[in-house]
Amino acid sequence: MGDYSKALEFYEKALKIDEKALPPNHPDLAYSYNNIGGVYDNIGDYSKALEFYEKSLKILEKALPSNHPHLASSYNNIGLAYDNMGDYSKALEFYEKSHKIYEKALPPNHPDLATSYNNIGGVYNKMGDYSKVLEFYEKAHKIYEKALPPNHPSLATSYSNIGGVYKNMGDYSKALEFHEKSLKIREKALPPNHPSLATSYDNIGGVYNDMGDYSKALEFYEKDLEITKKALPPNHPSLATSYNNIGLAYDNMGDYEKALESYEKSQQIREKALPPNHPDLATSYNNTGGVYYNMDDYSKALEFYEKALKIREKALPPNHPDLAQSYNNICGVYNNMGDYSKALELYEKSHKILEKALPPNHPNLAASYNNIGMVYNNMGDNSEALEFCEKAHQIYEKALPPNHPSLATSYNNIGQVYDNMGDYSKALEFYEKALKIREKGLPSNHSNLAYCYNNIGQVYDNMGNYSKALEFYEKSHKIKEKALPPNDPSLATSYNNIGSVYNNMDDYSKALEFYEKAHQIYEQALPPNDPALATSYNNIGSVYNNMDDYSKALEFYEKALKIREKALPPNHPDLATSYNNVGGVYYNMGDYSKALEFFEKSHEIFEKALPPNHPNLAISYGNIGQVYNNMGNYSKALSFLEKALAIQQKTLPPSHPHIKEIIRRLNNVKKV
């Protein structure tokens with residue numbers, strides 16, 4: 001029933017009686033300690049659980065022969081506690097001790113031996129060693145097939161475990177095949193409202209969720225909820241998990257209001273059913289933070305991510321992978337807020353934990369290298385970004401099958417760095433590798449396919465191949481139209497990209513049409529001071545600027561600036577971009593003193609927010625230099641343009657268009 005305080009109360013009463021009535025090494029005392037340990041395990045107090053499991057073990061080691069199955073159970077419980085604490089080497093040590101006893105004490109096809117293989121497989125699963133996991137799960141499965149009737153629920157669990165590994169490996173068709181085998185057994189063997197049936201629906205929903213088929217995922221998550229509501233009391237933790245999964249599907253669908261509603265239901269149950277520092281409560285706060293993050297409400301996101309972190313710091317050992325995840329989430333917020341030094345500091349904290357907690361080729365370590373690489377990417381440090389992204393990629397190539405989605409993400413990240421470096425042929429090469437993997441592994445309307453098409457479109461846009469850019473942006477857009485609700489902000493991003501190509505092609509009426517479509521979605525979907533709205537005003541302003549309608553351009557750039565001044569910290573790079581844009585209009589209007597004022601405001605932010613060789617600093621020096629040139633202050637112009645060139649020569653390939661443009665400007669100044 002999930003009423004752990006009641007369970008603890010009765011187990012402790014039983015223990016008091018046993019302590020008075022029995023000698024100190026009686027096996028029944030051990031079982032009492034074991035029961036209490038089990039409750040602490042369920043409420044997430046793993047150190048307490050370990051304390052009672054070890055008390056139980058001490059008695060059993062004295063009272064029972066060394067190969068007694070009860071001793072194996074005791075080692076197993078201690079292994080479980082270490083497993084939950086994220087100490088996987090210790091967990092393996094105790095699970096293997098347990099397994100050795102079972103091998104000696106039990107016949108070769110005994111179901112407890114299969115359970116033991118399953119436990120060892122579960123640890124390898126968390127360690128990301130999927131070939132090892134499959135080896136142990138399949139050993140367990142062979143025993144179940146010999147020992148049990150064909151519709152036994154334990155066989156269903158075994159199919160489910162194997163399905164879970166294939167899901168982690170990104171082989172979704174195999175994952176579905178095994179989860180559906182599990183479901184068939186449970187449908188035959190169990191009553192229609194049994195919680196294990198709900199688990200099957202949940203597992204299948206999870207696969208569809210990873211495949212990006214969120215409506216299918218929702219269908220199965222709701223079947224799970226329907227059974228769970230009938231089978232369990234209203235505050236049972238499993239109900240919280242059901243609401244959580246439904247929230248996840250809505251979150252992925254971009255329906256943040258529905259996501260929050262489901263996550264809050266989950267959180268309310270956990271707050272009632274669990275102690276205040278239970279790790280599952282941290283998961284709840286984490287998920288709610290994720291929705292606010294997706295909504296660009298960074299202060300709210302931080303509030304919930306920090307609540308989750310506080311619980312994990314109290315409840316978990318200092319090197320638990322979930323602590324690293326909490327640091328990662330907070331890093332993501334600082335990264336989006338433009339506070340790259342803070343993001344880097346926390347990502348490195350997270351990485352240190354993962355290096356201690358996980359084997360060297362674990363996919364989560366690769367993800368950590370990727371995160372660090374992407375911060376360097378945002379900081380404009382392309383060489384560091386490439387180094388970390390390539391470290392990540394080397395791990396993924398060793399740890400994952402060749403068509404795993406994480407490999408596609410890795411190719412994408414490397415492509416993005418080359419894109420920023422202006423090496424467009426390299427960028428295209430890596431983006432196309434990512435696309436090939438995703439085309440094999442994902443359904444044709446998956447949002448990650450849209451993302452791939454978008455990236456390729458962006459490279460063609462940067463290369464000035466606008467017809468190709470449009471082709472890929474439109475492919476991306478068609479997928480989003482099918483997969484997303486009509487007011488999803490991702491659709492607006494898609495319209496923006498298409499508008500950008502038309503803007504670059506000097507087709508300003510078409511550019512405005514698409515930018516305004518994007519803007520309408522943002523106005524309906526987002527709060528009035530959302531940074532995405534500022535980007536939208538900015539885009540519209542750029543078209544009017546290109547059309548030489550400077551008063552209109554200024555109007556939209558100032559709208560963007562007002563939002564950013566309210567929504568972003570004072571040294572955010574996007575604020576600098578806004579000042580730069582306003583300065584650009586004044587420059588075009590010939591008001592050089594005003595232009596200088598805004599270009600210098602922009603430059604002050606870039607100097608504080610960015611590393612000294614960031615490409616945006618070079619653009620800033622270039623703009624200020626050009627103003628001084630037009631004002632006739634040639635020595636100042638020369639100084640700023642040379643600073644711009646020095647940065648670009650460090651960060652960009654020699655043939656990059658930006659370098660050619662700065663050299664052209666410098667030559668013009670020198671001729672005067």
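Keep in mind that glycine also has a Cβ here, set from the backbone N, Cα and C atoms.
Per TrEMBL, the features are as follows:
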- 1-21: repeat 'TPR' (REPEAT)
- 30-63: repeat 'TPR' (REPEAT)
- 72-105: repeat 'TPR' (REPEAT)
- 114-147: repeat 'TPR' (REPEAT)
- 156-189: repeat 'TPR' (REPEAT)
- 198-231: repeat 'TPR' (REPEAT)
- 282-315: repeat 'TPR' (REPEAT)
- 366-399: repeat 'TPR' (REPEAT)
- 408-441: repeat 'TPR' (REPEAT)
- 450-483: repeat 'TPR' (REPEAT)
- 576-609: repeat 'TPR' (REPEAT)
- 618-651: repeat 'TPR' (REPEAT)
- prompt: Residues of the same chain, at least six outside the repeat 'TPR' (72-105), with any C-beta under 8 angstroms of its C-beta?
  reply: 30, 34, 37-38, 41, 44, 46-47, 49-50, 53-54, 56-57, 60, 66, 112-113, 116-117, 119-120, 122-123, 126-127, 316-317, 319-322, 357-358
Statement: Lying 6 or more residues past either end of the repeat 'TPR' (198-231) yet within Cβ distance under 8 Å of it, the residues of that chain are 156, 160, 163-164, 167, 170, 172, 175-176, 179-180, 182-183, 186, 192, 238-239, 241-243, 245-246, 248-250, 252-253, 405, 442-443, 445-448, 483
- prompt: Taking 3+ C-beta pairs under 8 angstroms (sequence gap of 6 or more) as contact, is the repeat 'TPR' (576-609) in contact with the repeat 'TPR' (450-483)?
  reply: no
Query: So how many of the residues in the repeat 'TPR' (366-399) end up helix, strand or coil by DSSP?
result: 31 helix, 0 strand, 3 coil
Message: Summarise the repeat 'TPR' (408-441) as counts of helix, strand and coil residues per DSSP.
response: 31 helix, 0 strand, 3 coil
- line: Spatial neighbours of the repeat 'TPR' (282-315) not adjacent in sequence (6+ beyond its ends, CB under 8 Å) are 44-46, 240, 244, 247-248, 251, 254, 256, 259-260, 263-264, 266-267, 270, 276, 322-323, 325-327, 329-330, 332-333, 336-337, 526-527, 530-532, 567
- prompt: Apart from its near flanks, which chain residues at least 6 from the ends of the repeat 'TPR' (450-483) lie with a Cβ under 8 angstroms of it?
  reply: 212, 214, 408, 412, 415-416, 419, 422, 424, 427-428, 431-432, 434-435, 438, 444, 490-491, 494-495, 497-498, 500-501, 504-505
- prompt: Mind checking how the repeat 'TPR' (114-147) divides into helix, strand and coil residues in DSSP?
  reply: 31 helix, 0 strand, 3 coil
